[in-house]
Number of protein chains: 2
Amino acid sequence: MLKELRRAIIGQPLESAKIAHERFSVPKGLAILSSDALSSVAYAGEEILHVLVPVIGLLSFNFLTPISIAIIFLLFIVSFSFRQIITAYPRTSGGAYIVAKENLGTLAGLIAGAALLFDYLLTVAVSISAGVAALTSAYHAAIPHRVSIALIVITFLILMNLRGIRESATFFSYPTYGFILGMFILITWGSLKLFINGTIFSPVPVQTGNNINLSNIALVWIILRAFSSGCTALTGIEAVSDAVPNFKEPEGRNAKRVLALLALLLFILFGGLTLLTRALHVVPTENMTVISQVALKIFGPGFFFYLFQASTGLILLLAANTAFAGFPLLASLMARDKYLPRYLGLRGDKLVFSNGVILLGLLAALLIVIFDGITTRLIPLYAVGVFTAFTVAQSGMVKRWYSLKETGWRRKMFINGIGAVVTGIVTIVVAITKFEHGAWIVMIIIPTMVSIFLTIHKHYQDIRVELDFDNYLNRELVRHKIIVPIASLTNVVANTVDYGKTLSDDIKAVHVSTDSAITEKLQIKWAIWNPGVELLVLNSPFRSVFEPLIEYILKVEDSKSDDEVITVLIPEFVTTKWWHRFLHNQTGLILQNALVIRSNVIVTTVPYHLKK
Amino acid sequence: MLKELRRAIIGQPLESAKIAHERFSVPKGLAILSSDALSSVAYAGEEILHVLVPVIGLLSFNFLTPISIAIIFLLFIVSFSFRQIITAYPRTSGGAYIVAKENLGTLAGLIAGAALLFDYLLTVAVSISAGVAALTSAYHAAIPHRVSIALIVITFLILMNLRGIRESATFFSYPTYGFILGMFILITWGSLKLFINGTIFSPVPVQTGNNINLSNIALVWIILRAFSSGCTALTGIEAVSDAVPNFKEPEGRNAKRVLALLALLLFILFGGLTLLTRALHVVPTENMTVISQVALKIFGPGFFFYLFQASTGLILLLAANTAFAGFPLLASLMARDKYLPRYLGLRGDKLVFSNGVILLGLLAALLIVIFDGITTRLIPLYAVGVFTAFTVAQSGMVKRWYSLKETGWRRKMFINGIGAVVTGIVTIVVAITKFEHGAWIVMIIIPTMVSIFLTIHKHYQDIRVELDFDNYLNRELVRHKIIVPIASLTNVVANTVDYGKTLSDDIKAVHVSTDSAITEKLQIKWAIWNPGVELLVLNSPFRSVFEPLIEYILKVEDSKSDDEVITVLIPEFVTTKWWHRFLHNQTGLILQNALVIRSNVIVTTVPYHLKK
């Protein structure tokens, strides 16, 4: 029954041979991988204003344009650097993780890996929070339910992703292109409208009321903080280079096309929206996002506004989906390198790394619950990880060009060098200006993750040596010692004792007595049956059945000789209906587990199937 | 480590022989068993006004006294009836369940049992909600956190009760007597104060503003509804008769003393509080309970008021504790009669029915979350169950006296007959007047519970027959067939194969291939080792390891002869640290479970303990 339900939700399993077919074309790759970067348009500008407006009020709009230009400049530097990574690594994925590991060594790789995994997680949390904000900007009544809505969306994304890559690509193409179209209309229509009524370049109104007295240092600080918030616009741009092997052949060229298109689109949308926000003097409010206020002022409160909100909400939810492609892939690479539990590296029956998908969903849900589903609270955690990964990856590329010294290496090294220096500076700026607002959390989490990776790796290495067959010493086992724990004399027990007798003559039944009346009855029944097997009674004044039994077995184990092997037979009846299990003590299962962990004996379950 | 934590919280285990010592004296019995009934004073009067005030406004106070007198009258009838139950059943507990089962048959017993179990559950939910309301009446800031506070309190009660009966009795004595003292002071001080300023019997002010036009029928209906709400004052009075065997010897006489004291106290406290409420014209508000408003008016907003609120809150939380004594005891009796899962009948290492304690706590937490921790919403569910149990128990006693015809049977039958008729009428009144407000839920739940009891009972009966040793047919087992599933060739696998060879020569290793490269490497290694055991390879295009393996084993099972027995050996390495388990696929465990449920083969785990 469970199996059928699973099939209905996840779909039929796919054969391993189908892996190659589950890949992106350029338009589909853009749909899947661009949504993260493009959708950040919906909150990046707002986050800049969130920092500026409370401190310098309407003067903020004077700084909005220069900050946005700095971010767009950064966008082009980063995307040129990533182009070179795609050229250098056309067939491997993992982006920053692989680049750093190959060129700068394991530790740098693990730092980049940790930063990226954390970044994917925040992509899900931030995008879903912002997407729900798009919804609640249109329907204020939904505001108190934002966390529940976010959790429902996460569940939905997990299920879609467990169904498989290609199906989700088709499904998710429409909203991405819908959002791009909607933004184009908004920007064109809005610019025209403002141009006609002559307000498109209207000066910022002079601040009235309380004057702002900020020292120059404080002003620089607040501008840097605003810039740091705006840098979240760049998150997601690395998704393309991390997912190169997910593209149709030729992977590298297709990926580069998608990256170029993405940078161009991001420039147009982010720039255009900044222009409108500035002209309309929109400031963040609690109930409505900045982008929704712009749309409301341009489109008016009609059908177009609601359609635009829906498309913003959808692309943000899909942005979360980008991470559902990237996180499991990166986790699987790290699992294969033995830095993460091995099962993160196994493809499920839809060829998806199912465990990674589920893990990401659960962690993102946790983050949303902790931060109450509010985008602004999550933002300070976001950019540090991304820019750390950027910096490590670009530095790795610099090292690579220097070592290889292939044609044009100086030019290539220069491009990645600029990338490394600029993203390095941004990382430091973000870490310092956002420290007290949450960046400190990242500075604890990333080193913790790295040390977990190393611990896991050490464990797998240790085990590999211990399990190595080359060290195997053939033992001569001759004599079997059998112990059968019993509670009463039933068919199940008799069946088990009979099985035990076929294994060895050295067999003992052991009963733990918690009630002397029951024990006496058992002894009489046993004597009448007379199976030729000794019945040993252990007393248990504290009513625990396990402790006396396990102590006894450990004692027998201590006194056994080298050629003996002890086998404990556990009689177990199997019920016909699953709920019947709840009506019986799971003694057998618990005992089996305890024995396997605490002793060296062999544990055998002898099942007896009931008919009713 | 887990074990030590458990010891620190729950305490050292107690020997079975100590059962007799863990019993109540009269003062401690009163402390433990009276809190439920006494604490209902804190909400019963308020619930009456909750029904009346919105409909008839200040006129309500004209009806408060007669309704309270009716409830006090009911109290005396019920307690006299229960005295006779204690006399008749001095050594058994279970109250209504046992009385109904013995005298009216199984079905009546199960109905009473279901009603009582549900009532205990509501005692916890209602008392904790009302206790938290006492807290929030003093500290309004805590109002939004009432559900969280209630859940913390439930956790605390579960832990206290897992520690054992006597310890909790000592611990809980102070607050019960504190509350009784506090109420005495409130009533005495308040009466004097009101007597001196001459307002103690002041007439109800004439209603101004909108006149009330109610037909006589509507007025009767509203008064009956108010009476039904007030009947919650009587809940908990049965706790004494249900817990007779928990008393020190002579159990019956001690229990009766406690019951008499309880009825007297309830009369004084409920009556006194009604008098004050009426004189002060207190009506329920959203932020403050009625009893807290009375205390505030009498004591003023000083230390005494806060002390009184604390004692009200505490006794209500302890009232919940009454159910933690009663519910597990009743559940254990029903489990021994095989109407509930058997493990509800086992005493834990502190001699407490631990599973019942935990189950009650979880269900109550669920109820509080569903009803948002608001007392008034829970009340309609409360009284129906209690009065159903009362009615069934009193009817059972009538039947008993009629059958036994011992000395004075007519008088005894008359007392219980009055009890049965009166509580029966009250049950019907409550069920009808509260139907739409929640009593319908009880009318669905109680029959559902009864049918679950019967289903469980049938399952245990079926199994008893099937497991009965008298039907055992001795089978001759001669030949062993061994199957060892393997993923690779390691020490663990080699160890398992060697063990298997000592059991039988008919042994096969089976490998499920999901990756042909790995399979080829395994085959070469196997050939080099050459253990004299065939290596069978099964292909799995869908990457599932379990399905092909289980299908193969089922096929082998189908083709085996009668004297053969199939044993599957599962190689399993045991890690040294518990968290290492998360780094490995739990393949062995899953396979073992699947095989035990789906096939008839014997499953053996061959452990291999790692050193690191």
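From the backbone N, Cα and C atoms, a Cβ is placed for every residue, glycine too.
Please treat TrEMBL annotations as automatic predictions, because they have not gone through curation.
Lifted from TrEMBL, the feature list:
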- B:63-86: transmembrane segment (TRANSMEM)
- B:107-135: transmembrane segment (TRANSMEM)
- B:147-165: transmembrane segment (TRANSMEM)
- B:177-196: transmembrane segment (TRANSMEM)
- B:216-237: transmembrane segment (TRANSMEM)
- B:258-283: transmembrane segment (TRANSMEM)
- B:303-330: transmembrane segment (TRANSMEM)
- B:351-371: transmembrane segment (TRANSMEM)
- B:377-393: transmembrane segment (TRANSMEM)
- B:413-432: transmembrane segment (TRANSMEM)
- B:438-456: transmembrane segment (TRANSMEM)
**Message:** Check for me, if you would, whether the transmembrane segment (B:107-135) reaches the transmembrane segment (B:413-432) - at least 3 Cβ pairs under 8 Å, residues 6 or more apart in sequence.
**Reply:** no
**Message:** Is it the case that the transmembrane segment (B:438-456) and the transmembrane segment (B:377-393) touch, counting contact as three or more CB pairs under 8 Å in which the residues of each pair are 6 or more positions apart?
**Reply:** yes
**Message:** Need a quick answer: max count of Cβ pairs under 8 Å to the transmembrane segment (B:177-196), which of B:63-86, B:147-165, B:303-330 is it?
**Reply:** B:303-330
**Prompt:** Of the listed stretches (B:147-165, B:216-237, B:258-283, B:351-371, B:413-432), which one yields the highest count of Cβ-Cβ distances below 8 Å with the transmembrane segment (B:303-330)?
**Reply:** B:351-371
**Message:** I'd like to know if the transmembrane segment (B:216-237) touches the transmembrane segment (B:377-393) in this structure, counting it as a touch only when three or more C-beta pairs sit under 8 Å and are separated by 6 or more positions.
**Reply:** yes
**Item:** Surrounding residues of the transmembrane segment (B:216-237) on its own chain - C-beta under 8 Å, 6+ positions past either end
**Value:** 34-41, 43-45, 47-52, 55-56, 63, 67-68, 70-71, 74-75, 78-79, 82, 119, 122-123, 126, 259, 262-263, 266, 270, 319, 322, 379, 382-383, 386-387, 426, 429-430, 433-434
**Item:** Among the ranges B:63-86, B:351-371, B:413-432, the one whose Cβ pairs under 8 Å to the transmembrane segment (B:147-165) are most numerous
**Value:** B:351-371
**Message:** Before we move on, state whether the transmembrane segment (B:63-86) and the transmembrane segment (B:351-371) share at least 3 Cβ pairs under 8 Å, counting only pairs 6 or more apart in sequence.
**Reply:** no
**Message:** Cβ under 8 Å, sequence separation of at least 6 from the ends of the transmembrane segment (B:258-283): give me the contacting residues as numbers and ranges.
**Reply:** 26, 29-30, 33-34, 37-38, 41, 44-45, 49, 53, 58, 60-61, 64-65, 68, 71-72, 75-76, 79, 82-83, 86, 180, 183-184, 186-187, 190-191, 194, 199-202, 204-205, 233, 237, 240-241, 247, 290-291, 293-294, 297-298
**Request:** Mind checking which residues of the chain, 6+ beyond the ends of the transmembrane segment (B:413-432), have their Cβ under 8 Å from one of its Cβ atoms?
**Result:** 74, 77-78, 80-81, 84, 224, 227-228, 231, 383-384, 387-388, 390-391, 394-395, 397-398, 401-402, 439, 442-443
**Fill in**
Within the same chain, the residues 6 or more beyond the ends of the transmembrane segment (B:351-371) and with Cβ under 8 Å of it are 14, 16, 18-19, 22, 120-122, 124-125, 128-129, 147, 150-151, 154-155, 157-158, 161-165, 320, 323-324, 327-329, 331-332, 343-345, 377-378
